[in-house]
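J.: Please see the structure below; I have some questions.
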Protein chains: 2
Amino acid sequence: MQEIGIGLLGLGTVGSGLVRLLEKNGEFLARKTGIRLRLRRILVRDPEKPRGVSVSRKLLTTDFEEILSDPGIQIVCELMGGLEPARTYILRALKAGKYVVTANKAVLSTYGPEVFAAAEARGVGLFFEAAVGGGVPIVKALRESLSANRIRRLTAIVNGTCNYILTRMTEEGLPFSEALREAQARGFAEADPQLDVSGADSAHKLAILATLAYGGFLPAEKVYTEGIETLEPLDIQFARELGLVPKLLAIGREEDGRVEVRVHPTLVPETHVLASVREAYNGFLLEGDFVGSVLLYGLGAGGEPTASAVAADLLDAARFLQAGARPGPILFRDRPLEIKPLAEVESRYYFRFSAVDRPGVLSKISGILGAYEISIASVIQKGREEGGPVPIVMLTHEAREASVRQALSEIDRLEVVTAPTRVLRILED
Amino acid sequence: MQEIGIGLLGLGTVGSGLVRLLEKNGEFLARKTGIRLRLRRILVRDPEKPRGVSVSRKLLTTDFEEILSDPGIQIVCELMGGLEPARTYILRALKAGKYVVTANKAVLSTYGPEVFAAAEARGVGLFFEAAVGGGVPIVKALRESLSANRIRRLTAIVNGTCNYILTRMTEEGLPFSEALREAQARGFAEADPQLDVSGADSAHKLAILATLAYGGFLPAEKVYTEGIETLEPLDIQFARELGLVPKLLAIGREEDGRVEVRVHPTLVPETHVLASVREAYNGFLLEGDFVGSVLLYGLGAGGEPTASAVAADLLDAARFLQAGARPGPILFRDRPLEIKPLAEVESRYYFRFSAVDRPGVLSKISGILGAYEISIASVIQKGREEGGPVPIVMLTHEAREASVRQALSEIDRLEVVTAPTRVLRILED
């Protein structure tokens, strides 16, 4: 039985989950793997703070140097979150020759190259399954299980908060604000939900996944990002009539050496497997040139699921450590990633026009679309309401984003159009 | 760049898929991983046979000894299938100190302990992602990603042929025989479909998954197995009216130290995530004590998806080889697995009684069920047909298999009951 010493940084939700996991399943894991993971030190800000988990006061420290200088600590497990001091601690641990397990998506999607290079330079292992997808083994799928494939497409629901809100809006017809309040009340959304609902959290996660899939560092700010705050129940209702459900998707594609990365609300056919990813679940659909489509689905957040991923990383790290080995490199591209501009991206679209109910309106709108080579797949025009504006809903075939933007700007300037056209992208099959 | 020499046994569908994968993605993999996988020898029965893949005639051999004695071959990749000579070759390769990658579910579910022990004894790695689930990384999920969890339940669609047939029966109302013919015509079923439709193939796969999940060898013959041949369209139709769809499920559970393993047609609520696993796809739902529910979904068969899994194993094996290391042990239980007898298993049930249309029939049937403590959740009785027998459909709450068998045997002896009662189990949530 080999014992591996762990220095834990942070004892919040995930850190406490890990402590509970090692307490409950530690013996079982030792028997199963031949490796005993021993928590030797836990870095906290305030050792006196009451915690939901029982740890010996002796384990707690406020001094990172104690962890760094302890030769009995072979793995540093960073679960503090945030950029600093997490980044500095990770780098110092790697440089000191310790293996690092982290759940820190902010550090990885911001300082990825620096952190990866530090691990390479010192020949130590860096593991971060828990940075994306909580308990869902999506990082390992990209780094190992599907590594023999070229990943053509990655289409994922990576934010449980947004998925919960959209599920409530779709299944109960709630407006965004009300669904958000329900999510907050049930613990699926933070008091300040901005990072989630704006799509920023999804962009961070997509940046990490695309970096793994395409082998070149992709910073989060390169991801085109729209959130879910402006989605209207009326559009969800029309979409459902057309057999479509809204999801906040993170999409990565590689084509002709260029990479397309975007996060936005997307209408998904209700028979599509991602449509069945409901509530606070995450779903990752990967399409590889040999494996075809693979979906991974599970809880993408929460102390216990995330602790499951951290513990798996610790066991992996321990096994590599024992052998003096480490996993393969993360960045493998010979040239930098080239990003395809959003204007060139093609997609199917959902439009809802608000127009006065007058003969010739439809022909004007469709004339402009035609001029921009946007071809219409179907139209719904609902009965008139006493002279008021009528919604006209159209689905298009594949069209270029730039053409769509130009066409809509012309259409929205028409006198007969009473409000800006609502636009949603539709998931291509 | 380290070069790893591979000896391939078998050049059928999966072997040819692997050759194509290495040809197409070999350079990319070398750049990505720093490992070059080189096929040094391929064992075939007939070197002159025309093949769908171009390999140099010089690589082909009919003599296993050439592979075994080649010091440049560090990994033997067994893709012949069948028990012998595959078992002997695997054992000899392990004993010769070579790492082994295999897709052979028959050998593993029959001779698991012998093969695992040979790998342990010689300190070499044994990899078998491709033995279950084709391209879906279910083996790695159990061995690594979710390894920190106790797996409470494993519920899976592991046979694409059956899933395709059931999808056609459900969505188009086809009888079994016709759906089977369609599956054969479209290449989703073998000319002799017995191994698939009888549930035997699913039982082999479940045996391997349960062995990994519970850490004790579970031979396939311990799996209670029913196939899909006797499913009737009428029952599928009733089930759909009740919001249920039929799936051939492989179910493993551990409770109080005993393991329950069974394969049988099961009615799944249509909102359940496994209901969205359609056509020839496989789906593996794992429930761990920390991770919660995780689903893996993808193509469970076919040359290319399976080659993706084999190639991932080759890369893993190569990385371990380089470090002189190997993955953790497969069997980790201190006592043998104890199997829970089917009679003690509890489930919800679907019954379809055929009874004459006469007052008091329903009360007789429900009286017998009550006497066996089987409580009824809902009943559908369809309108009468000119004096003929009427179907009475009932769903029960959780009941014990033994009680159900006894109750039905009494009911089927009633004079008013005109045909044996049809029984299906319902997936518990």
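Backbone N, Cα and C atoms are what each Cβ position is placed from, and that goes for glycine too.
Keep in mind that what you see is a predicted model, and the values were worked out from it rather than measured.
Straight out of TrEMBL:
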type	residues	note
BINDING	A:Leu9, A:Gly10, A:Leu11, A:Gly12, A:Thr13, A:Val14, A:Gly15, A:Ser16	NADP(+) binding site
BINDING	A:Lys105	NADPH binding site
BINDING	A:Glu190	L-homoserine binding site
ACT_SITE	A:Lys205	active site, proton donor
DOMAIN	A:350-425	domain 'ACT'
J.: Can you tell me how far the Cα of A:Val14 (NADP(+) binding site) sits from the Cα of A:Lys205 (active site, proton donor), in Å?
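T.: A:Val14 (NADP(+) binding site) to A:Lys205 (active site, proton donor), Cα-Cα distance: 17 Å.
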J.: Would you count the other CB atoms within 10 A of the CB of A:Lys105 (NADPH binding site), including those on all shown protein chains?
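T.: Result for A:Lys105 (NADPH binding site): 20 neighbouring Cβ atoms inside 10 Å.
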J.: What counts of helix, strand and coil residues does DSSP assign across the domain 'ACT' (A:350-425)?
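T.: Final tally across the stretch: 23 helix, 30 strand, 23 coil.
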J.: Any same-chain residues 6+ apart from A:Gly10 (NADP(+) binding site) with CB under 8 Å of its CB? Would you list them in sequence order, or say none?
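T.: Long-range Cβ contacts: A:Leu43, A:Val44, A:Glu78, A:Leu79, A:Met80, A:Gly81.
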J.: Restricting attention to the domain 'ACT' (A:350-425), give the mean pLDDT.
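T.: Residues in the domain 'ACT' (A:350-425) carry a mean pLDDT of 92 in this prediction.
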J.: Determine the Cβ neighbour count for A:Gly15 (NADP(+) binding site): the number of other Cβ atoms within 10 Å of its Cβ.
T.: 29
J.: Under DSSP, is A:Gly10 (NADP(+) binding site) part of a helix or a strand, or is it coil?
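T.: DSSP assigns A:Gly10 (NADP(+) binding site) to coil.
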J.: At the Cα level, what's the spacing in Å between the residue listed as 'L-homoserine binding site' and A:Gly15 (NADP(+) binding site), rounded?
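T.: On Cα coordinates alone, these residues lie 19 Å apart.
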J.: So how many other Cβ atoms are close to A:Gly12 (NADP(+) binding site), meaning within 10 Å of its Cβ?
T.: 14
J.: Out of A:Leu11, A:Gly12, A:Gly15, A:Ser16, A:Lys205, point to the one nearest A:Lys105 (NADPH binding site) in space (Cα versus Cα); all of them are recorded positions in the record.
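T.: Among A:Leu11, A:Gly12, A:Gly15, A:Ser16, A:Lys205, A:Lys205.
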J.: Using Cα coordinates, what distance in whole Å links A:Ser16 (NADP(+) binding site) and the residue listed as 'active site, proton donor'?
T.: 23
